[in-house]
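Notes to accompany the following structure.
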């Protein structure tokens, strides 16, 4: 992979997340070249102009271009996939699965054609099933396909916990496992505030279990809460920042540990599925799955999450 001074990143899907991510990557100058691709070509080109002009004010020379032709993603070092449709009223879970699976399959085939050496970060929902689709249809090695979910869930958990304790969010380190949704599993024994495990803070009386349970539940419903408040959209700044965090670790070979939807081949007792687990992301993509010992209770919740993901994958026709 090229260094950050020459790295090329393509964003497939030029909606709110794609636009916000383009601005973040351009402003931080983590990459040298950005490409936005979307079936809505005119909108994509308009967003390219808007972001490009914003970057000019920031003194960033990151080159940004875009359109509707997948050939533009050729020789990308990384591709972020946000394209897909949200679940609409009256649409069943299976309808959403199969509609977005078809979208992801088309994108996967184009990535295989134009950028088979790229790291692919999938954001499209339902997340864990769509990462599996990308892996299946692109033919890329498992370490080059990953889903963004746990980074976002961890950020939400950290935000809510920091607000509750009235401390800097930089003092909070959170770790979550499992799928992106109601069965997300925060690991309180491995989540810390100022280096002190959350479990220890509960035992010492600084936190109580009811407060933590409420924070966990709000984290699980974090995306839904934002949708209800916005009324006409969904979260995009935090998902974009989560992708930027992953990309920086990859492009700069930082080997940061973060929770992502990654391929499991026996780790945590799971095979042939993409599930949210802690991983090391470096220049080779997902370089290692980090295994934490789980209690019987934690394992039970994790197993439920795995079965939900397995059911989603099985439902794709």
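Each residue, glycine too, has its Cβ placed from N, Cα and C.
Sequence annotations record features per position, and here Swiss-Prot assigns NAD(+) binding site to 13, 14, 15, 16, 17, 18, 38, 100, 123, 124, 125 based on sequence analysis. DSSP gives residue 123 (NAD(+) binding site) a coil state; it is part of no helix or strand.
Annotated substrate binding site per Swiss-Prot: 87, 93, 125, 156, in sequence order, evidence recorded as sequence analysis.
As annotated by Swiss-Prot, active site, proton acceptor applies to 180, with the evidence given as sequence analysis. Sequence-distant contacts of residue 180 (active site, proton acceptor), defined as residues of its own chain at least six apart whose C-beta falls under 8 angstroms from its C-beta, comprise 125, 126, 127, 128, 147, 149, 150, 152, 153, 261, 276.
Rounded to a whole number, the distance between the Cα atoms of residue 156 (substrate binding site) and residue 13 (NAD(+) binding site) is 24 Å. Counting every protein chain shown, the number of other Cβ atoms lying within 10 Å of the Cβ of residue 125 (NAD(+) binding site) is 22. Secondary structure at residue 156 (substrate binding site), taken from DSSP and collapsed to helix, strand or coil, is helix. In this structure, the binding-site residues under consideration are 13, 15, and the one with the smallest number of other Cβ atoms within 10 Å of its Cβ is 15.
The Cβ of 38 has fewer other Cβ atoms within 10 Å than any other of the binding-site residues 17, 38, 123, 156.
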